[in-house]
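The ADP binding site annotation in Swiss-Prot covers THR12, ARG16, THR271, GLY315, GLY416, ASN420. Per Swiss-Prot, sn-glycerol 3-phosphate binding site is recorded for THR12, ARG82, GLU83, TYR134, ASP249. What Swiss-Prot records for THR12, THR13, SER14, THR271, GLY315, GLN319, GLY416 is ATP binding site. Positions annotated as glycerol binding site by Swiss-Prot: ARG82, GLU83, TYR134, ASP249, GLN250.
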Amino acid sequence: MADFVASIDQGTTSTRAMIFNHRGEEVGRHQLEHQQLLPRAGWVEHNPVEIWERTWSVLATSLNVTGLSAGDLAAVGVTNQRETTLVWNRHTGRPYCNAIVWQDTRTDKIAAALDRDGRGDIIRRKAGLPPATYFSGGKLQWILENVEGVRRDAENGDALFGTPDSWVIWNLTGGVRSGVHVTDVTNASRTMLMNLETLDWDDELLSFFSIPRQMLPPIKASSPVEPFGFTTQLGPLGGEVPIAGDLGDQQAAMVGQVCLNPGEAKNTYGTGNFLLLNTGEELVHSSNGLLTTVCYQFGDNKPVYALEGSIAVTGSAVQWLRDQLGIISGASQSEDLARQVEDNGGVYFVPAFSGLFAPYWRSDARGAIVGLSRFNTNAHLARATLEAICYQSREVVEAMEADSGVRMEVLKVDGGITANKLCMQIQADTLGVDVVKPVVAETTALGAAYAAGLAVGFWKDADDLRRNWQEDERWSSSITDEKRAEGFAGWKKAVQRTLDGVDV
């Protein structure tokens, strides 16, 4: 009997496979990092072949370490870094170029041009997104214009576009032999190419980027009536298992946090931070710099929408302290170092490495460390880095409250940085509300498992999922309103220093 569901979480810095039981408890996992390719200033790439090799390895290893086989799995769910753009040949299976990662800013001039001639307003209305380097449409246009042979092959139906979910599912289902080219509504809603009302590729939006429709995958529900496809005997699982769930990573975290009612919200702390608010079946367009996006679609039901505040650089700022500055040797050391000081010593770090996302959407911004004096140490910079994560989240919370008219009383959190207890305390202090972490912090992988399990009847309904959610830790504010306001004012001043950092 199949008593487990597997989940593939293809993230920005690593790929992991996790296996869950009926209670939503992790019974096994394996995780591998992949290389971050930085060929030029502002460019961020991944090797698609390396991503697929990592996916194969973590899936196979997760089964081996748990002593399970394909027959023990009821379904597989996939979740992924959104917006990251891949193009490959359907006959050879080879990518035409490296994947252009969501953080990449090479398309800044494409994005700026969309706003100058009025196309940006149409994109906002139809796709719910502002023209920005973040989203897939401009990245795909760049590949079509700059990589030899792609446009010709795309027009002939030989070149396939996809976000990482499409690439992983295509390979899992047989690749050049029998690969299924598909995506779900949540990933498609991050491209600037899908109409939020029709849930289909929009011809007018495609024309803005000169994208041939035939290279795009069909769009399906996140938890479809029929599986996307099946793994193969020759694949990493060694047998046929239905692939029955597909969600962009932040939408998967919403499902994993069981934020299934309008008004429920979560904040995921990963490479970036992503705060989503469930708005139900209502399409809510933001007046405060947030995105309108598909939250999920289960079966034949209507889609559920969300408002999202996307922050480009949070966890990757800690990674920068490790990899570029060398002041820590591991991410966990950021907490120990930051605890050596009581405050930031007047230092603010605005990590606008990819410009500023919500609520500013300023691709001209660049990172800055301000307020330095000879008094300051590495510990102050580590503290300022953790504060930057939390101040950026506060800006998004304020925008969300303004759009929804609802005061946030509790913030559900998940993701790797929630292991940093000091960072979570700073978050409670900067917001002035309780911050709550569930027992299963890896809610992205859990959400993909839930979507797949619901599709095949492994879990009956949303109530089954709610029964699985349990609180693990809670942080409450420990500072005065006056001190909270003073710190935030310093942050806002620092942000202004980052603007107009480059010409676009």
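Heads up, the Cβ atoms here are built off N, Cα and C, so glycines get one too.
Note that this is a predicted model, so its numbers are computed, not measured.
Checking each of the binding-site residues (THR13, ARG82, GLN319) against THR271 (ADP binding site), the C-alpha distance stays within 10 Å for THR13, GLN319. For the binding-site residues GLY315, GLY416, the ranking by surrounding Cβ atoms (within 10 Å, all protein chains) places GLY315 first. In sequence order, SER332, SER334, GLU335, LEU386 make up the list of same-chain residues 6 or more apart from ASN420 (ADP binding site) whose Cβ falls under 8 Å from its Cβ.
A count of other CB atoms within 10 A of each Cβ picks out GLN250 as the most crowded of the binding-site residues THR12, THR13, SER14, GLN250.
Put simply, GLY416 is the one of the binding-site residues ARG82, TYR134, GLN250, GLY416 whose Cα lies nearest to the Cα of GLN319 (ATP binding site). Separating the Cα atoms of THR13 (ATP binding site) and GLU83 (sn-glycerol 3-phosphate binding site) is a whole-number distance of 14 Å.
Annotation: ARG82 are the binding-site residues among ARG82, GLU83, TYR134, GLN250 whose CA atoms are within 10 angstroms of the CA of THR12 (ADP binding site). Proximity to ARG82 (sn-glycerol 3-phosphate binding site), judged by a C-alpha distance within 10 Å, picks out GLN250 from the binding-site residues SER14, ARG16, GLN250, GLY315, GLY416.
The two recorded residues, ARG16 (ADP binding site) and ASP249 (sn-glycerol 3-phosphate binding site), have Cα atoms 12 Å apart. Of all Cα pairs drawn from THR12, THR13, SER14, THR271, GLY315, GLN319, GLY416, which the record names as binding ATP, the longest spans 13 Å. According to DSSP, ASN420 (ADP binding site) is assigned to coil rather than to any helix or strand. A distance of 16 Å separates the Cα atom of SER14 (ATP binding site) from that of GLU83 (sn-glycerol 3-phosphate binding site).
Within 8 A of the CB centroid of the sn-glycerol 3-phosphate site residues THR12, ARG82, GLU83, TYR134, ASP249, the other residues of that chain are ASN80, GLN81, THR84, TRP102, THR163, ARG190, GLY248, GLN250, GLY272.
Within 8 A of the CB centroid of the glycerol site residues ARG82, GLU83, TYR134, ASP249, GLN250, the other residues of that chain are GLN81, THR84, TRP102, ARG190, GLY248, PHE274, SER310.
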